[in-house]
Amino acid sequence: MSTDIDNDVRTRWNVTALSAGHQIAMHSALLDMDLLLCGETGTGKDTLASRIHELSSRTGPFVGMNCAAIPESLAESQLFGVVNGAFTGVCRAREGYIEPSNGGTLYLDEIDTMPLSLQAKLLRVLESRGVERLGSTDFIPLDLQVIASASAPLDELVEQGLFRRDLFFRLNVLTLQLPALRKRREQILPLFDQFTQDIAAECGRSAPTLDNGRVQILLSHDWPGNVRELKSAANAICPRIAVAGRRAVEARDPVTGLRMQMRVIEKMLIQDALKRHRHNFDAVLEELELPRRTLYHRMKELGVASHIDLAAES
């Protein structure tokens, strides 16, 4: 088991910054210890949490709970469950999100977004390893491992009064910081190659080769969406989306084929930046480091839809 976990974490997160970090993930799975994963959006926290569960000795389910997606007004009943007649409209007892993780792993995604009003109640669950359904004082013991993830630095949120200090200390027993992709550029090409190999294998085709033109595009981008954005780029140029016409052109003219693939990547990067910045052009321009008129021109050339009248800007 130890070797499997060690090799798996090394394969997917094989970077100098994680030379000690992968051992933390390994020991968390082996020793059944709670773990806090920290890192920007897209750095692979969800994937690593799921993989740690798979490699652990736990036979129960992996229950992922996005803390940002739970309405605060319904949070208690959704998290802890309710008993019949707990409040108006409750006709039958039901379990919450936490109970099904009994015997398995509870993954608290984006715990940095959890309202303060719920943090104290979550702390009680983590310390007592059990829940009380809303409307009941009966304690339901749970056997679970807890993995939490955060995009914002929890210690800073504590100082700002946005996160409970005692909950932070409870979560901060084992912490793994996943570095941004721009801080481990030596992993861009190996990860991209792994993604294209995986995607190509799914559709029974050969993965595209990393020629010099594509390499320069991949290495020069800062990848603010991190591994998730890199995987999207791999999907964009993988053979499964290639139409027959493009394959025929590439077969006749490799240079033309390369240009078309580069256009696909460029379009994807612009679309991704627009989406993340909600079409805030100033933010997109700063990220892509392009003059305004150049961005407008490239968007028109590539057929990128926008909320702005590009014709008026060209």
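The backbone N, Cα and C atoms fix where each Cβ goes, and this holds for glycine too.
Annotated domain 'Sigma-54 factor interaction' per Swiss-Prot: 11-239, in sequence order. Taken from Swiss-Prot, the feature ATP binding site applies to 39-46, 101-110. The DNA-binding region feature in Swiss-Prot is assigned to 281-300; the stated evidence is sequence analysis.
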* Structure fact -> Mapped onto three states, the DSSP assignment of Thr105 (ATP binding site) reads strand
* Asked: If you average the pLDDT over the domain 'Sigma-54 factor interaction' (11-239), what number do you get?
  -> 81
* Compile a sequence-ordered list of residues in the same chain as Leu108 (ATP binding site), six or more apart from it, whose Cβ lies below 8 A from its Cβ; state 'none' when nothing qualifies. => Met65, Cys67, Met114, Leu122, Val146, Ile147, Ala148, Ser149
* Asked: Just how many other Cβ atoms lie inside 10 Å of the Cβ on Lys45 (ATP binding site)?
  -> 26
* Ranked by the number of other Cβ atoms within 10 Å of their own Cβ, which of the binding-site residues Gly39, Gly42 ranks first? -> Gly42
* To do: Determine the minimum-neighbour residue: among Asn102, Thr105, listed as binding-site residues, which Cβ has the fewest other Cβ atoms within 10 angstroms?
  => Asn102
* **DSSP-derived helix, strand and coil totals, residue by residue, for the DNA-binding region (281-300)** => 17 helix, 0 strand, 3 coil
* Using DSSP reduced to three states, classify Gly39 (ATP binding site) as helix, strand or coil. => coil
